[in-house]
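Right, one structure below, let's go through it.
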Amino acid sequence: MENAWLARWREGRIGFHRDAPHPALRRHWPGLAVPAGTKVLVPLCGKSLDMRWLARQGHPVLGIELAPEAVEQFLAEGGEPVSRYRQAGFEVCRQGSVELWRGDVFHFHIEQAAEIGAFYDRAALIALPPATRQRYAFHLAQLIPPGARGLLVALTRAPGEEQAGPPFHVSEAEVRELFAPNFRLTLLARGEPEAGSGFREHVWALVRRGPLDEA
Ligand SMILES: C[S@@+](CC[C@H](N)C(=O)[O-])C[C@H]1O[C@@H](n2cnc3c(N)ncnc32)[C@H](O)[C@@H]1O
């Protein structure tokens, strides 16, 4: 069966896309104190302008995205020259200091992740169905070195709507359960319910634990 996200991109059903960098990124990224020059992994990146914002803060960015439309639209909207090559089964497109790896995030492995030192997940975890979220949290932990930090913007749905999705309702308890084995978590902010949808975004800071860093 075709991944439902590919159909969404083909049909232009991308209500999740924002036409400006996410306020939570602008507000909370500086507090993580990730040094400029640190490469930031952006899993399930879509064509998010958050990647350009991160690049402007001096970070090389590595986005991973399944949908060719997302990648091509991002590059076209950037308007800068693009270089393309294939690596490890991915089509990699580089524009300025942003590289987009087109393919399945679960096929992206540690050998390709050598330089990554931080991450940013907005609407990646919550794009995945329950069983896949466990796999994602574990996979992310494999790609991120001890001490690396990241921001996670998750989402809850209005009471009574929790079974719908995507985007999926992911409670605070589930975020803790998924990530606590490998990350230290701090809930930074609980957003207000969005008018109409009732979606609430929650912002978390995560730090990858080292082997001696007890839960
Ligand atoms: C809810 S959107 C969020 C996009 C982006 N983070 C943003 O904030 O606009 C989720 C994205 O994940 C992509 N996606 C879904 N499954 C994926 C997978 N297994 N590997 C890579 N990308 C995937 C979809 O195509 C979609 O663009």
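Each Cβ is built from the backbone N, Cα and C atoms, and glycine gets one as well.
Per TrEMBL, the S-adenosyl-L-methionine site holds Trp9, Glu65, Arg122; the candidate it also names there, chosen from Leu32, Leu41, Leu44, Leu143, is Leu44. In sequence order, Ile64, Glu65, Leu66, Val105, Asp121, Ala123, Ala124, Ala127, Leu128 constitute the residues six or more apart from Leu44 (S-adenosyl-L-methionine binding site) in its chain with CB-CB distances below 8 Å.
There are 25 other Cβ atoms within 10 Å of the Cβ belonging to Arg122 (S-adenosyl-L-methionine binding site).
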